[in-house]
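As annotated by TrEMBL, domain 'Acyl-CoA oxidase/dehydrogenase middle' applies to 153-262. Annotation source TrEMBL lists FAD binding site at Thr157, Gly196. TrEMBL lists 300-451 with the feature domain 'Acyl-CoA oxidase C-alpha1'. Sequence annotations record features per position, and here TrEMBL assigns active site, proton acceptor to Glu436. Positions annotated as domain 'Acyl-CoA oxidase C-terminal' by TrEMBL: 494-627.
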Amino acid sequence: MPPVFSSRTRRDLAVRHQINERTHGQPQFRGSGLVVWPHDTEQAVLFQRKGGGKLFVSPDYNQSMEQQREMTMKRIGYLLDCGVFEGWLTGKGVESELRKFSFLEVIGMFDHSLAIKIGVHFFLWGGAVQFFGTKRHHEKWLKDTENYKVKGCFAMTELGHGSNVRGIETITTYDSNTGEFVINTPCESAQKYWIGGAANHATHTIVFSQLNIDGKNQGVHAFIAQIRDSDGNVCPNIRISDCGHKIGLNGVDNGRIWFDNVRIPRENLLNSVADVSLDGKYLSAITDPDQRFAAFLAPLTSGRVTIAAAAIYSSKISLAIAIRYSLTRRAFSVSPNGPEVLLLDYPSHQRRLLPLLAKTYAMSFAENYLKMLYVKRTPELIKTIHVVSSAFKATLTWHNMRTLQECREACGGQGLKTENRVGHLKSEYDVQSTFEGDNNVLMQQVSKALLAEYVAAKKRNKPFNGLGLDHMNKSCPVIPSKPTSSTLRSVEFQTNIFCLRERDLLNRFAAEVSQHQGQGESKEHALIVSYQLAEDLGRAFSDRAILQTILEAETTLSAGPLKNILGLLRSMYTLITLEEDAAFLRYGYLSTDTAAAVRKEVAKLCSELRPHALALVSSFGIPDAFLSPIAFNWVDANSWSSVQD
């Protein structure tokens with residue numbers, strides 16, 4: 001006898017059917033280089049799993065750490081055989097770089113471990129050879145890196161030094177008798193730590209080390225060292241240990257490396273910034289050690305660019321899952337014997353998810369801007385890229401972790417199931433807050449860079465011209481004391497309030513640092529004790545820069561529904577930032593009455609965005625297979641028949 005459904009259940013099933021059909025069946029990933037065909041047996045084993053009557057692609061997290069690592073390498077081997085990595089390091093031009101970014105983003109949607117493993121090999125190891133090296137390194141290493149004859153890793157972080165690269169303790173000296181560099185780990189805190197690829201697979205590494213020439217420390221330099229032979233045996237005078245099981249990313253073999261007076265050829269110094277002659281003379285066109293150190297680190301911004309992009313895709317996945325679930329899941333009724341209410345029809349549920357959705361849209365524009373800034377980089381843009389990538393990497397990864405937590409809770413018990421992705425993504429992406437630079441340290445770097453621009457402009461008595469600070473040249477914005485709803489949603493108000501916060505905090509930060517220095521404190525100590533203003537200023541810079549990218553996107557649209565929706569998202573992003581950042585009240589940019597008006601406006605925006613929720617998450621373009629069973633027919637996904645599959 002067929003099951004009997006109530007009229008409400010039939011309506012819910014119809015909505016679930018609509019959600020299932022929204023993206024029109026099973027995905028094909030031709031544009032990304034990864035094509036999933038059900039009849040491809042090898043690919044099915046490597047990338048596919050079934051769930052809830054649909055096809056989903058996801059790693060099997062029930063596997064042991066060792067199995068996950070082995071599977072990561074098998075997936076890389078499959079992609080290599082498909083020719084995916086051709087031209088990743090030897091190709092030229094903006095299109096080539098964007099294609100590489102695009103593929104890494106798609107891979108990251110499938111498996112963070114796979115994306116990180118590929119990213120370490122190509123962006124860190126390969127990028128270091130590409131940017132720190134010269135022609136001799138390019139000819140010897142780049143093609144072999146593309147085809148994985150060389151498997152690279154990147155040994156910068158040490159047990160005792162992570163963000164403070166300048167303080168690393170590994171020492172390299174030059175032996176002029178043999179024409180070799182000698183790399184040594186002088187103490188336990190100097191062991192290279194968290195080195196992705198080192199524990200099992202890497203054959204070579206980039207070693208960041210202090211360079212000692214004739215007893216003089218020339219600062220941090222980068223060297224190529226072989227750590228395994230072609231058979232996978234660890235090389236002499238090198239010790240490697242596994243970092244062990246982690247809360248996520250167990251498909252990446254993070255390891256620790258000790259160098260016991262390891263000798264490498266003189267040519268293995270990556271010498272685009274500095275070199276050592278055969279007779280042991282240190283050579284560099286950059287005489288200032290600070291500038292030389294900055295030149296060494298400048299090319300490494302690609303890591304922050306890819307991390308920011310991955311964070312936003314993770315947010316998109318979790319929001320797509322949580323919002324789709326909330327459009328079919330019902331709970332409680334508002335009247336006796338009345339129908340239960342859809343989760344997303346509760347104002348409180350809208351308030352949990354829709355501001356995060358708006359922020360994700362805003363940060364998606366910001367991430368695209370950062371990507372284009374990077375691929376079109378020029379020497380004049382190096383400082384801007386460093387500051388913007390630092391700010392966006394921190395802001396976007398913090399946002400991602402908050403989004404994942406809220407979406408996990410919004411999915412209730414279903415959010416705990418690994419197959420539903422959201423809960424597991426939390427542990428997979430948690431590391432983003434600290435790798436490629438601790439977020440708090442990165443934000444301090446942003447504030448220091450803004451302070452340097454401020455001091456330089458005042459010293460020259462010239463207008464601000466860089467890092468988006470040109471608004472400092474204009475008169476101070478005036479914020480209305482009793483803004484109306486239309487005022488709160490206006491571009492003028494939103495731009496003014498963000499610029500007012502940034503300029504005031506920059507003035508306050510400069511004044512506080514100057515005051516400490518005037519009392520005889522060093523600049524370094526003055527910056528340390530002014531950390532609270534530095535934190536507020538870093539966030540102000542990032543928020544204003546993100547808003548600017550939305551406004552630029554809006555200018556490309558003609559008047560119509562799409563522009564109206566983007567205006568709602570922009571207003572939600574701005575107003576939720578006003579509500580959540582205490583700095584607006586702390587420093588008096590908003591009155592308590594205005595803050596209350598902002599809060600009411602956020603609630604209105606939630607109700608106005610509610611009808612567009614499904615369209616907005618569908619517009620992310622995330623293929624069905626990258627989502628999870630509860631994003632579709634969650635009843636079928638948990639039915640008795642699904643247990644029998």
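The backbone N, Cα and C atoms fix where each Cβ goes, and this holds for glycine too.
The model shown is predicted, which means the values in this text are computed figures rather than measured ones.
Positions of TrEMBL features highlighted on the structure.
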| residue | record | contacts (Cβ under 8 Å, 6+ apart) |
| --- | --- | --- |
| Thr157 | FAD binding site | Lys192, Tyr193, Trp194, Ile195 |
| Gly196 | FAD binding site | Ile116, Lys117, Val120, Leu124, Cys153, Phe154, Val252, Asp253, Asn254 |
| Glu436 | active site, proton acceptor | Leu300, Gly303, Arg304, Ile307, Lys393 |
The domain 'Acyl-CoA oxidase C-terminal' (494-627): DSSP-derived helix, strand, coil residue counts:
110 helix, 0 strand, 24 coil
